[in-house]
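Annotation source Swiss-Prot lists disulfide bond at 125-203, citing sequence analysis. What Swiss-Prot records for 4, 15, 19 is N-linked glycosylation site, and it gives sequence analysis as the kind of evidence. Feature annotation from Swiss-Prot assigns S-palmitoyl cysteine to 353, 354. Annotation comment: Swiss-Prot describes 322 as N6-(retinylidene)lysine. Annotation source Swiss-Prot lists topological domain 'Extracellular' at 1-50, 115-128, 193-216, 303-310. Feature annotation from Swiss-Prot assigns topological domain 'Cytoplasmic' to 76-87, 149-168, 245-278, 336-499. Swiss-Prot lists 51-75, 88-114, 129-148, 169-192, 217-244, 279-302, 311-335 with the feature transmembrane segment.
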């Protein structure tokens, strides 16, 4: 009985054929040009209350998904500190969830639920199922790509900058799109089909018909669109956990041989990447929780007792799967520090009750990549080791106003990051002036207020990494104001240059 599809007597089914022999259960009323799979006619018609519950639920989930994912795309695309190659995957995932929410949820499913049947015709039923398939598959394929990226960054940090380049990330995203489309398009060519399901208010893959074509398509879809991606994701995160444990053990040894500040910087960087990996794992777990019941329903329908699949049993997993598109923005808002800060800057009223915590790590807020080499000064009164920094991140602002030239000869070359101001750079970025300037031989530029420093001695003040609060005048001795250098080298004290 479950091996056939049916239509209302005398009307064409989803594939344009006639089936006049089917006698539907009284009370099942399909749209004028749609087929109702014979499987669903063995059950009583769905009550009006359930249709309204689904309609209200999908409206809420759809609107939250649209607003949340639009926010994610905007924040990640317009925040410099978030525009890294790895975050392109996050943007792609948000775009996928946004389209999924806008097409497969609100408003099409909402309108059909309130009408208690699919009202948009056969063509739109197939397009609806196709879009749901493409962007549902794109979500899990993107999560697979994210797990691979996290594996490389965490376990092979030295090779990550060459392996996960922006160009390669773009290529991986193209592969994700192509694979998702290829897995969703066969029903248009007779391998499988898109038909109404459950409450007859939405359309999806035909997982009920047990012909050879339909069954092989469901198996291929299940393997390449669900099981294999989950295996890859699982392997990557297991390797990440093992890599983190090895890293913790190595840090115990490295800390004894490295300067405390350098060890802290390296550990801070690793912990930052690990935090991002935990966010990715959370998103993945939520996706699996949302879609696993739906995948199980399809398997039972094909290889188990199909009579278990009642309209309500099929509809509840569908509702859970639709909600997957709204999870990710919530996870980022609760767990991603940079996303929270950027969101607070643009829509502070969202944080009326809980302002994001500001961590004392200015370098993390501004810089994403940093290479450090050490050079020793020669023919200079300064005999300490000076750090040579090069930053690949763009600056918040660059100014030469108020610069004072020191007349004392120096013989070292240095790239420095200099900021000026009193406010926290995370909440008041416009008040900070940040510059990356190379100090030439014989020229030391002091990026500070000329008015405060014109008649005073010039002090080269070094502040250790991750210190972003401005010291008091008393702590600086005779130096009013102050120059703040965010660096990762040794601490240098007492270098005085007379103007």
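Cβ atoms here come from the backbone N, Cα and C positions, even for glycine.
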From the DSSP assignment alone, can you count helix, strand and coil residues within the topological domain 'Cytoplasmic' (149-168)? 17 helix, 0 strand, 3 coil
Six or more residues out from either end of the transmembrane segment (88-114), which same-chain residues have a Cβ under 8 Å from its Cβ atoms? 51-52, 54-55, 58-59, 61-63, 65-66, 69-70, 72-73, 76-77, 120, 124, 128, 131-132, 135-136, 138-139, 142-143, 145-146, 149, 166, 169-170, 172-173, 176, 199, 201-202, 283, 322, 324-326, 328-329, 332
Which listed residue (125, 203) has most other Cβ within 10 Å, given these are disulfide-bonded residues: 203
Same-chain residues at least 6 beyond the ends of the transmembrane segment (311-335) whose Cβ lies under 8 Å from its Cβ atoms: 40, 43, 46, 50, 54, 57-58, 61-62, 64-65, 68-69, 71-72, 90, 93-94, 97-98, 100-101, 104-105, 109, 136, 139, 197-200, 202, 204, 275, 278-279, 282-283, 286-287, 289-291, 293-294, 296-297, 343
Cβ contacts of residue 322 (N6-(retinylidene)lysine) (under 8 Å, same chain, 6 or more positions away): 58, 61, 62, 104, 105, 109
Outside the topological domain 'Cytoplasmic' (149-168), at least 6 residues beyond either end, the same-chain residues with a Cβ under 8 Å of its Cβ set are 85-86, 88-89, 236-237, 239-240, 243-244, 247, 270, 273-274, 276-277, 280, 369
Spatial neighbours of the topological domain 'Extracellular' (303-310) far in sequence, C-beta under 8 Å, 6+ residues away: 2, 39, 42-43, 208, 297
Take a look at 51-75, 129-148, 279-302 and tell me which one has the most Cβ pairs under 8 Å to the transmembrane segment (217-244). 129-148
